[in-house]
Amino acid sequence: MELAKSFEPGNIENRWYDRWEAAGYFKPSMDTDRPSFCIQLPPPNVTGTLHMGHAFNQTIMDGLTRYYRMKGDNTLWVPGADHAGIATQIVVERQLAEQGVSRHDLGRDTFIGKVWEWKEKSGGTITSQMRRVGCSVDWDKEYFTMDDKMSTAVTEVFVRLYEQGLIYRGKRLVNWDPKLGTAVSDLEVISEEEDGKMWHIRYPVVGSDDVVVVATTRPETLLGDVAVAVNPDDERYRHLVGKQLELPLTGRTIPVIADDYVDAAFGTGFVKITPAHDFNDYQVGKRHNTALINVMSLDATMLAKAQVFGFDGSAQGSIDLPAAYAGLSTADARKAMLADLDAAGLLVDTKPHKLMVPRGDRTGSVIEPLLTDQWFVAMTKVGEGDATGKSITQKAIDAVESGEVRFVPENWVNTYNQWMNNIQDWCISRQLWWGHQIPAWYDEDGKAYVGRTLEEVQAKAPGKTLRRDEDVLDTWFSSALVPFSSLGWPNETPELKAFVPSQVLVTGYEIIFFWVARMIMMTTHFLGKVPFKDVYIHGIVRDHEGKKMSKSEGNVIDPVDLIDGIALPELITKRTTGLRRPEKAPQIVKATEKLFPEGIPAYGTDALRFTMASYASLGRSVNFDFKRAEGYRNFCNKLWNATRFVMMNVEGKDCGQDESLPLEYSFVDKWIISRLQELEAAVTEALDTYRFDMASQLIYEFVWNEYCDWYVELAKVQLANGNEAQQRATRRTLVRVLEVALRLTHPLMPFITEELWQTVAPLANAKKTDSIMVAAWPVADMSKVDAEACGRMTVFKELVNAIRNLRGEMNLGPSVKAPLFVEGPAAYADFLPYARLLGRLSDAAVVEKLPDADAPVAIAGEARLMLKVEIDKAAETARLTKEIGKAESDVEKLTAKLEKPGYVDKAPAQLVERDRAQLADLTDKLAKLKAQLLKLA
């Protein structure tokens, strides 16, 4: 197969992916005793498209899958998509709104039908993009968290947990999105710092002329206050504890209580306690057994009658609220109440105050802590009949503590344990239509029945008219079951037996609690074993300035645009469409034009993957730099061109395939073979320990520097001057080292390595399989490491570097050839044929003593070197003097800039660092120029 003159990724990527899939390489065998390797894809939202985080995550997962496949393991990478309850419902509702229709106009069943229609049309975007990234997943195992198989597992888990007393319905404080009309998880809440105010309000002490002044950022919740708290160690207010206060605007009285939650140094030292509208206050109220007074409706407007509850969820009546505020939004109620407080002389002060405002990540509306009826999983209770005597949380804590589940890097264990040891019961219900409908029904009296089907439930309530609960389950509930539901549970399948636990989960740190911990809980509880052995936590991909990539910032990069390239107008359109804050569009356009004046060039999948791998150090966030992607695109070109050179020099010739023919290896051949063994061992260790950054660096250094820049160049000398046995050994080494390097690189750059391997492998006598994907992973043979050859190569490199430095000092252009004289051991004569080529020499000789000439001398190991070139001393002195003068001037200017008062403190850190590096380079250059001038003198 003849290689094209240049590497064009688009010409090979789709072709090879289709071939791999058609050949069945992505599928495991269910009839084998080989060790198994399984990995679960964190299921992306069905609404989503591939972003840089996905590309990063999937590069690591595919790299591991390809690595273990080549090692001979029975590999399975399970793909899937999450139904993404809230996100999907919003998308479809927006489409309906454009037609002037709401979901309520359609009704539940028709609306859900519309969602399924949308999913069938649009839901495959991310899977087609995964193919572009080269993901070798078993597409036959692809699941959707709402498909029949997954839904059966979800229902089964819910029913079993309910029967074990671990699922219950209760009234609790939850994050409530009033615009969506549903509870949301903490992950769907973004707290943003905003300019607000702190109001100081008087609360008169009953039976006294004293008042206490309470500082609050939310005066509209005052109607639901049940107490005012002080710190028990605050001497100023200890005498007030137990006293009653008049609650402004209500006619009620509330007590002063002491609680450690209060920071005596913040505000006035008094804190209003409103447990029905604040999570911290809820905990304070629970400790003091106060009432819960709910003053808001589900649309975040004020009620006419407050609802009063106990912490056990029991209704305790109602309280009339001022009619003037009934039906007002929280913002309007705040204005009205502040005016009334001011008129009553109870508003003391208003101060500017920066505060964190929780907003829904999809709606932007303020999230209200609200008391609502929800379904919960009991996290710290032992299930009925559980022989382990442990809660689902404790089982998950033990799994990590015992080492059955290992975090990489291990510092994330502390984060995991901190969350687990402070866990609250999990709110699993959502007031949506799209999702797994809760398998619970109610009779006319409101009694709940839970079962797998209506028929099963009806048998428990004969003669009763049953109404199904309209809520759906939190998306994270079904995601938590993926390690076993995706493999056929509750049925006992061969896949469950073979692939649980999986070897590793690859994910970001932001979902350790929401997903990782819950998978460990559910799998240990239902299967009695862990879902995975390792959890590899990687950082977040940020933009080049370290900012989080987000649509609102306009700095999102589509990985496919890096693969295929994109013109500037299309890129601007992409970045400014659908902004939550359209007013930011001009700013985004300006930034995009500055960063990508010509758009984004096409880098190809392999360069993108290698870039991602190079960033995959343990747990660190990634500032994505396009220059690195460009560098690795050049690396692909280097690998391609080196292979073309090798093929042109070996094709049709004897490459040492006939083992009976003599082979005469030079020290250069032995050196590259030695380095290859060390590379095989080091890359294997790097991948075994998830150090993709090290693996990519090792491969890059070996291929670019050692193989291409040194060995291939030296092989030219051997092919030109060697005898038949030497040439045969060189050709054999060229192709065999390249073939192994391609296999080592394949997990990171699958497409280019496959294309090149198909050409190289037959000549290396290594084409034992039809694809590099299933070729054997290289195993180092340390007996092939030749220490003597490596030592000689080190000396030779010193010699060549010294020659190059001499050429630089003497200002010799690339076309100028000069004779080299070496004063040193006779063994240096072996190096000279190679040095002639690499040092651009007209001749080279080992002599007893260097000639007496006006030429600089260099030291390399045991040798002294001289390039004998007639130099015009006067002209060279003038040139060096001029260069020294310019360098001194540049050093002086840069030093003055860095010493300028305030520059280092006020200028951007990147700019200061660049200036310091430039100064160091200039200082070094100046020292070298002065040394050259001194030698001439």
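From the backbone N, Cα and C atoms, a Cβ is placed for every residue, glycine too.
Worth saying up front: this structure is predicted, and the values here are computed from it rather than measured.
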Quiz item: Any idea which of 548-552, 728-732, 813-817 is down as motif ''KMSKS' region' in Swiss-Prot?
Solution: 548-552
Practice problem: Could you check which of 44-54, 187-197, 484-494 is flagged in Swiss-Prot as motif ''HIGH' region'? | Solution: 44-54
Quiz prompt | Contacting positions for the motif ''HIGH' region' (44-54) when only residues 6+ beyond its ends and CB under 8 Å are counted | solution = 81-84, 87-88, 91, 119, 122-123, 125-126, 129-130, 132-133, 144, 508, 540-541, 549, 556-560, 624
Quiz prompt | Same-chain residues near the motif ''KMSKS' region' (548-552), Cβ under 8 Å, at least 6 residues beyond its ends | solution = 51-53, 540-542, 578-581, 584
Practice problem: May I have the DSSP-based helix, strand and coil counts for the residues of the motif ''KMSKS' region' (548-552)? | Solution: 0 helix, 1 strand, 4 coil
